[in-house]
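Annotated features, as they stand in TrEMBL:
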- 6-31: transmembrane segment (TRANSMEM)
- 20-260: domain 'G-protein coupled receptors family 1 profile' (DOMAIN)
- 38-66: transmembrane segment (TRANSMEM)
- 72-95: transmembrane segment (TRANSMEM)
- 116-138: transmembrane segment (TRANSMEM)
- 158-177: transmembrane segment (TRANSMEM)
- 209-228: transmembrane segment (TRANSMEM)
- 240-262: transmembrane segment (TRANSMEM)
Amino acid sequence: LALNPWDVVLCICGTIISCENAIVVVVIFYTPAFRAPMFLLIGSLATADLLAGLGLILHFTSVYFIPSDAVSLLTVGLLVTSFTASVSSLLTITIDRYLSLYNALTYYSARTVTRTYIMLILTWGASICYGLLPIMGWNCLKEPSACSIVKPLMKNHLIILSVSFFMVFAVMLQLYVQICKIVCRHAQQIAVQRHFLASSHYVTTRKGIATLAIILGTFASCWLPFAIYCLLGDYSYPALYAYLTLLPTTYNSMINPIIYAFRNQEIQKVLWTVCCGCFSSTLPFQSRSPSDV
């Protein structure tokens, strides 16, 4: 096959994604202090994005080095599982942030840990089920006319994934609106209690809302084009359209470690310690709310 530059770009993105998220996974896994629910959810997101990066590399390999239906189905199954788990992990992080603000007094309890494990089980259980569908026979290898814009996924399969994404996005949007309301109310209460100036309250509130807007805006700008095209596109459309909408979704997995992991002060401490060659898993950590992460 002639080398498609779009496949090369996706493979390069997959390599960057794998390296970034592998660092996050290793840091969280090998640091005993990172066993709090918020770090488990960040680890779940990093694991999903790591698998997505490996899936993009495997896609390039399966197309140009090991062209076979079995490898193609394995690749698309891995990509569906990993990207579904990534989006679902973003939802669980949003839920955790909301609950950490809404139930601040009871957040640090055994119930939170149990809820976190339940969300992780549901996230990965649903993602694996979605990913197994092409392997279990829900593919268009024997019926090309039933193919979607992403072969060998069937049109119905991709519609289900797209509708699921819009539902997740709607829930995240609603939760972030509620988070903004809580942040504004808390900032106003603190300003009144400590006799802050109105301008200070305004700056604090604006900063918090801007951060949430960046998080949600990044997620929407990366995924909405592909989700919309999955609903409107057809297998007969030029492959260029699929590449143009699929590429931004990889950027989301590239940006996630920066937003959710590398901005965290505790993770930064470990990374700096590792870079200095004096790694210690018993570093003192200051417990922080997920809303700060």
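Glycine too: its Cβ is placed from the backbone N, Cα and C atoms.
Listed as Cβ neighbours of the transmembrane segment (6-31) (distance under 8 Å, sequence separation of 6 or more from its ends, same chain) are residues 39-40, 42-43, 46-47, 49-50, 52-57, 59-60, 63-64, 239-240, 243, 246-247, 250-251, 253-254, 256-258, 261-262, 267, 270-271, 274, 281, 283.
Of the candidate ranges 72-95, 209-228, 240-262, 72-95 has the most C-beta pairs within less than 8 angstroms of the transmembrane segment (38-66). Here the transmembrane segment (209-228) has Cβ contacts under 8 Å with residues 87, 90, 162, 165-166, 169, 172-173, 176, 179-180, 183-184, 244-246, 248-249, 251-252, 255, 259 of the same chain, all six or more residues outside its ends. The average pLDDT the prediction assigns to the domain 'G-protein coupled receptors family 1 profile' (20-260) is 87.
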